[in-house]
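Undergrad: What follows is a structure written as structure tokens; I'll ask about it next.
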Amino acid sequence: MASFCTLAIVLVFLIGSSSAQLSTDYYSKSCPNLFTTVKTVVRSAIQNEARMGASLLRLFFHDCFVNGCDGSILLDDTSSFTGEKTALPNRNSVRGFNIVDNIKSAVEKVCPNVVSCADILAVASRDSVVILGGPDWKVKLGRRDSRTASLAAANNSIPPPTSNLNTLISSFNSLGLSTKDLVVLSGSHTIGQARCTSFRARIYNETNLDASFAQTRRGNCPRAAGAGDNNLAPLDVQTPANFDNNYFKNLISRRGLLHSDQQLFSGSGGRTDSIVRSYSSDSATFRSDFAAAMIKMGDIKPVTGSNGEIRKNCRILN
Ligand code: HEM
Ligand SMILES: *[C@@H]1O[C@H](CO)[C@@H](O)[C@H](O)[C@H]1NC(C)=O
Ligand SMILES: *[C@@H]1O[C@H](CO)[C@@H](O)[C@H](O)[C@H]1NC(C)=O
């Protein structure tokens, strides 16, 4: 009897834990055309506007860092529900929700009620990176969508661009991501744009930056708070629509746009200088480490089993 109980407990544990595993073939029977369907929509969105690839990638990051990759960032506020879209790191900043809607509609047409919004973000980010010239990887799937969101967690869990290196490292470590993962995933800033308000203090007040770079950026980002807050500048001064390793070269030449970017390379023997140097000179290692770290980020606290739901509309609870 005792050993039967032990066996039963072990079985429950094994089944329970295996249901919490994501897998690359999760939809192979239930939605065999998932990948081509998502990629078609992502490709046309990026053809329309290259920046959209960056925006979709960032949505996945902001989803995963707030109670796991569970589609919580996609939920709209209503009179009776508070989502994450107005959180400080998100408001006036995250974008791409219309494209996620387009992807979801296309996926619902080929396989209704099967694919989660959380998984759509994971696939769309991978596709974005690939289309912009970055590495490819097999996306793990099987996440379900949350029935909750947390404005407070969104405020607290996504590090601000004013963060120093130690804060960045502990933020990533607390989610099971290493210091190397922090550096390689920050390589996402090889694409996309930032608003003046995100880098104003750096270009006017910091010393660890190239003078002519600062001068150029000041041209479209006035010193006075409130003026031109939403004016954009590329995170990668060289090739903002190509997923390459120029981001790391920029850091070495002190042309990181955000304070948090330049923290990764202080130039005076900082903890992560050597990682930045290696990615700046070895694009192949950057690409493979990036792919591995994206899979790791995608593994943060997935909702699985009978928890959560497969949302019909990514913006609204079923
Ligand atoms: C290490 C900590 C990080 C900080 C402090 C940070 C901060 C920021 C900030 C402030 C912006 C500009 C937002 C704006 O001004 O509207 C931005 C943009 C972006 N971030 Fe990060 N980020 C971090 C890590 C990441 C990671 C891990 C990813 C992806 C895996 C990522 C992907 C992006 C992308 C692609 C953009 C451009 C988005 C667009 O053009 O729409 N970031 N980030
Ligand atoms: C989150 O941040 C926003 C924007 O600063 C603020 O309006 C809101 O009160 C904050 N909410 C929580 C719960 O922290
Ligand atoms: C630069 O630093 C000074 C002193 O801390 C501060 O008063 C000022 O607002 C900062 N300027 C910008 C543009 O952040």
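Glycine is treated like the rest: Cβ placed from N, Cα and C.
Given the structure is predicted, the values throughout are model-derived calculations rather than measurements.
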Undergrad: So TrEMBL lists ASP236, THR239, ASP244 for Ca(2+) 2; which of THR179, THR190, THR285, THR304 goes with them?
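TA: Looking through THR179, THR190, THR285, THR304, the residue TrEMBL assigns to the Ca(2+) 2 site is THR190.
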Undergrad: Using the record from TrEMBL, pick out the residue from CYS5, CYS31, CYS196 that is joined to CYS111 by a disulfide.
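TA: Record-based pairing for CYS111: CYS31.
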Undergrad: Can you sort out which of CYS69, CYS117, CYS196 is the disulfide partner TrEMBL gives for CYS314?
TA: CYS117
Undergrad: Which disulfide-bonded residues from the set CYS117, CYS196, CYS221 come near ligand 3, judged by a Cβ under 6 Å from any of its atoms?
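TA: Going through CYS117, CYS196, CYS221 in sequence order, none turns out to be close to ligand 3.
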Undergrad: What subset of the recorded positions CYS31, HIS62, VAL66, SER72 lies within 10 angstroms of THR190 (Ca(2+) 2 binding site), using C-alpha positions?
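TA: Checking each Cα against THR190 (Ca(2+) 2 binding site), there are no hits.
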Undergrad: Select one residue from SER72, THR190: among these binding-site residues, choose the one with the most other Cβ atoms within 10 Å of its Cβ.
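TA: Per the Cβ count, the most surrounded site is THR190.
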Undergrad: Select the closest residue to PRO159 (substrate binding site) from the following recorded positions, measuring between CA atoms: VAL66, CYS69, CYS111, HIS189, CYS221.
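TA: Nearest by Cα distance to PRO159 (substrate binding site): VAL66.
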